[in-house]
Amino acid sequence: MLKFRIIRGGLRLLGIRRASTVPAASPHARRLEYKPIKKVMVANRGEIAIRVFRACTELGIRTVAIYSEQDTGQMHRQKADEAYLIGRGLAPVQAYLHIPDIIKVAKENNVDAVHPGYGFLSERADFAQACQDAGVRFIGPSPEVVRKMGDKELEENYNRAYSEALAAFGNGALFVEKFIEKPRHIEVQILGDQYGNILHLYERDCSIQRRHQKVVEIAPAAHLDPQLRARLTSDSVKLAKQVGYENAGTVEFLVDKHGKHYFIEVNSRLQVEHTVTEEITDVDLVHAQIHVAEGRSLPDLGLRQENIRINGCAIQCRVTTEDPARSFQPDTGRIEVFRSGEGMGIRLDNASAFQGAVISPHYDSLLVKVIAHGKDHPTAATKMSRALAEFRVRGVKTNIPFLQNVLNNQQFLAGTVDTQFIDENPELFQLRPAQNRAQKLLHYLGHVMVNGPTTPIPVKASPSPTDPIVPAVPIGPPPAGFRDILLREGPEGFARAVRNHQGLLLMDTTFRDAHQSLLATRVRTHDLKKIAPYVAHNFSKLFSIENWGGATFDVAMRFLYECPWRRLQELRELIPNIPFQMLLRGANAVGYTNYPDNVVFKFCEVAKENGMDVFRVFDSLNYMPNLLLGMEAAGNAGGVVEAAISYTGDVADPSRTKYSLQYYMGLAEELVRAGTHILCIKDMAGLLKPTACTMLVRSLRDRFPDLPLHIHTHDTSGAGVAAMLACAQAGADVVDVAADSMSGMTSQPSMGALVACTRGTPMDTGVLLESVFDYSEYWEGARGLYAAFDCTATMKSGNSDVYENEIPGGQYTNLHFQAHSMGLGSKFKEVKKAYVEANQMLGDLIKVTPSSKIVGDLAQFMVQNGLSRAEAEAQAEELSFPRSVVEFLQGYIGIPHGGFPEPLRSKVLKDLPRVEGRPGASLPPLDLQLLEKELIERHGEEVTPEDVLSAAIYPDVFAHFKDFTATFGPLDSLNTRLFLQGPKIAEEFEVELERGKTLHIKALAISDLNRAGQRQVFFELNGQLRSILVKDTQAMKEMHFHPKALKDVKGQIGAPMPGKVIDIKVAAGAKVAKGQPLCVLSAMKMETVVTSPMEGTVRKVHVTTDMTLEGDDLILEIE
């Protein structure tokens, strides 16, 4: 069949010649009588069906709907007086094309007339004929006219050209085209009756098209020459009269830049965009269609050409469930929220646009037609833009952001568009994503109500029902602090000011290390921001606030679903006067592994730009190459470099020779030569006793009289205050403390105790005790919100046995939680004993993240498998040690003081590669620009430099964080109790999204489980009912009994610990060697590589990725 198509304005020219051969109809050719219509059936669906039903209701005509099996829930079925199923068993579209069914419904239900709508059967002459044969009026042109106007081919010319082409080229395919550069697509609305009367209702501009599909329609066409308008309308009327046209139709033209017009085709039906014509002419086209079908003439209806006038301008936008960011890919799903734009000058024609509607993939994606009417084109555009901005559609994607860009485009506003408008304006696709904040919050709250907390909860304890008391803050800016000196004099001047300061300076760790030690790093930015203004006004004499780095970076994204960079930015804004301090893990930045050098340097640069001031740089092994890299990165960024020596052992004990006073003095010499501004002693486990403090600090003060000394400790043993007083008396400039209610145990010493003990002495801190009391009261209340993470749930006091096991403060808490989560709570004493043995096995390490984690992983591994140090060393060649232990022995975190333990290292590593020198030195630079591009492609939004660094350091965590917050944000606006456990049924609460925008929410009910494994959660949001569907993850789990590995069967490999399978290295049938990795398990951030204890062939793999295993669950079998 010959196909005619438009290519860049190419023209289908046919039909006009064919039509010209038809004799004109005579007004007196037939005598008709008026036959009123009493019942109309619409052979269509959706908004056009409802449009016709409304017109019929206004005329007092009964209505009949038809619907497919897939449309049982559609609104058009409910809007009609009667509705009948058609096309049972047929495909969705075929149901509406099944003429026998439609005619059968019409005849069985005494239908007088059928309105075809548009699409489907509307231009099928055989359908019009079938209606006529059944004695049912067809509201449209006669079958003959439909046939004439629908036939856009010239059969005789086609056959001749086809024969010639086939003979000449062996291919008879033909294309009839006329190239027209950047034309306008103008169509004229015509209306005829059965008496030969034809009139036009002026034109519409349909030039804004995408792939020849109209997107926006305008009536009348802007800046159209009156003479051209006259020619277009005159030609349209002539053509209609030539074929004896009756009822509504559209004559379509292309207009070139010279004002010449070219006929395309006639659409012998009502058009989607008929609405704009109705708005500017005040003629109801559907009313007119029905009356014409009844036998009434246009003059009878008061429709005469001289009375048709243009009144203002109308614009129609087709709001569809299509995603313009994905090439207008149709979206499907359930509409969770629908709020339309309304008001003066706005008309809405819709069918499926309501809350709860299900958008299926079976039919057209049109959601609602929005029509704006104003006195002129700019006015109508303004009304349309305002209306679209009022729309809220949630649950499915729409093209509204694209339409808004069209309406704001200057070319559109000037009325100079053509068919190339969309192609030539790529900025139309620079879409502003919808915030969708309220619905995302409801999704999160519903998810928590159904499935429980989204962050792992170590113990079953509910958050405190009361909010912490925020002390009063005076109006106005806070007083000047040490940061003002830093900004004015730079790092060197800042260091001099610290050294010259009279009295003891304090660093407050409450914002980071304190809650890392006591509350598993779970304190949210929400609660930090509340107290931040008070800190700025009342603690301006602090040396610094430690609020970033270390584990907070990871935990913020992984468990709190917060951006750590945003935390830094917001706190900086609230506390402009006190220096911020972070913990930088040397070459590891804020991660647990080595990164390319350019990542570490860029990280420090961006951290400084976001408000970080003091970089405490340490290395878990005191490995100088790693330390120097971190110092250089922090210094190049313009930060204050505080090089930290990680402390272990006891310099006051002559028998502890590995980490002697001379060892620490030697490290200090190297760090001072490297240019550190401040020297820190980082006592992670609280091992510094007062005597050792005096020896070490006094030696450092004597050797470096001009260098500020900063001491960090933990109060696990209970001697922290005494130790810090001893340091101050020996010459320390700064010591670390925490708010009283967040101090002690594995945290830092009490701020109030240090302030009180030095008050009135040369070491006076200058901090008011009354301010400390109010500060502590806030944190006492805030701490209650985190009861599920509080170390006191499993640990009631500190313990002086830390002098023996040397477990760092934060790790002491984590090991407690890990032991309980792995069923080893009653064996914590054994865990601590094993920690000592593991430390000795590894050569007596400096223990701070990540080296402390390595020792802890090995200790838990030994307890879980019932191994003593001697047994673990003896079986080292066969055991599947934790991955962290293996990588440490390979040299992935550096070289420990005194070297690696032998023969353990050789037994464990066998032929595995070893890293020589600084691990990161061999890593190639990371292409950050490429990473940014990949992130943009994945997440489809603007990516910041901060995001790029988060992804560089924690790629999987960042990806999960972005995916999670795309579904559930913005969680920072929820209070902590709601964040952790969600609301109770009937609870009412407010959520402030931003200043001046507050949501009023009430949790109403949770439904029973549906067949899809979902529960419907009902809320009241700002007085309106909202509901969301939430998958019940627990209910959807199938009963599963995993086989256990039999210890007496050599080839059965069991899980050495409970955990999740994150990687499977082999498949059934694979040949494996002894020691070859088989799979990787993960639990509580500890990864273990399970290796083969024997050589053989994998007979069967019993696990899959992401499967959760218990201890001894069968992983695979080897034979």
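Note: Cβ is positioned from N, Cα and C throughout, glycine not excepted.
Unlike curated records, TrEMBL annotations are generated automatically.
If you check TrEMBL, you get these features:
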ACT_SITE  R269  active site
BINDING   K152, E177, H212  ATP binding site
BINDING   D513, K682, H712, H714  Mn(2+) binding site
BINDING   R585, T849  substrate binding site
DOMAIN    36-427  domain 'Biotin carboxylation'
DOMAIN    83-294  domain 'ATP-grasp'
DOMAIN    504-773  domain 'Pyruvate carboxyltransferase'
DOMAIN    1050-1119  domain 'Lipoyl-binding'
MOD_RES   K682  N6-carboxylysine
MOD_RES   K1085  N6-biotinyllysine
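This view paints the features noted in TrEMBL onto the structure.
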| residue | record | CB count, 10 Å |
| --- | --- | --- |
| H212 | ATP binding site | 10 |
| R269 | active site | 26 |
| D513 | Mn(2+) binding site | 30 |
| R585 | substrate binding site | 24 |
| K682 | Mn(2+) binding site | 22 |
| H712 | Mn(2+) binding site | 27 |
| H714 | Mn(2+) binding site | 32 |
| T849 | substrate binding site | 21 |
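Excluding D513, K682, H712, H714, which define the Mn(2+) site, the same chain contributes T509, D683, M684, T713, D736, Q748, G809 within 8 Å (Cβ to the Cβ centroid), listed in sequence order. Each residue contributes its Cα atom, and for H712 (Mn(2+) binding site) and the residue listed as 'active site' these two points are 82 Å apart.
When the recorded positions R269, R585, T849 are ranked by how far their Cα is from the Cα of H212 (ATP binding site), R269 comes first. Each residue contributes its Cα atom, and for D513 (Mn(2+) binding site) and T849 (substrate binding site) those atoms are 13 Å apart. Taking H, G and I as helix, E and B as strand and the rest as coil, DSSP gives the domain 'Lipoyl-binding' (1050-1119) the counts 0 helix, 38 strand, 32 coil.
With respect to their backbone Cα atoms, R585 (substrate binding site) and K682 (Mn(2+) binding site) stand 12 Å from each other.
Of all the binding-site residues in the record (K682, H714, T849), the one with the smallest CA separation from R269 (active site) is T849. If you measure from the Cα atom of H714 (Mn(2+) binding site) to that of T849 (substrate binding site), you get 15 Å. Between the CA atoms of K682 (Mn(2+) binding site) and T849 (substrate binding site) there is a gap of 12 Å.
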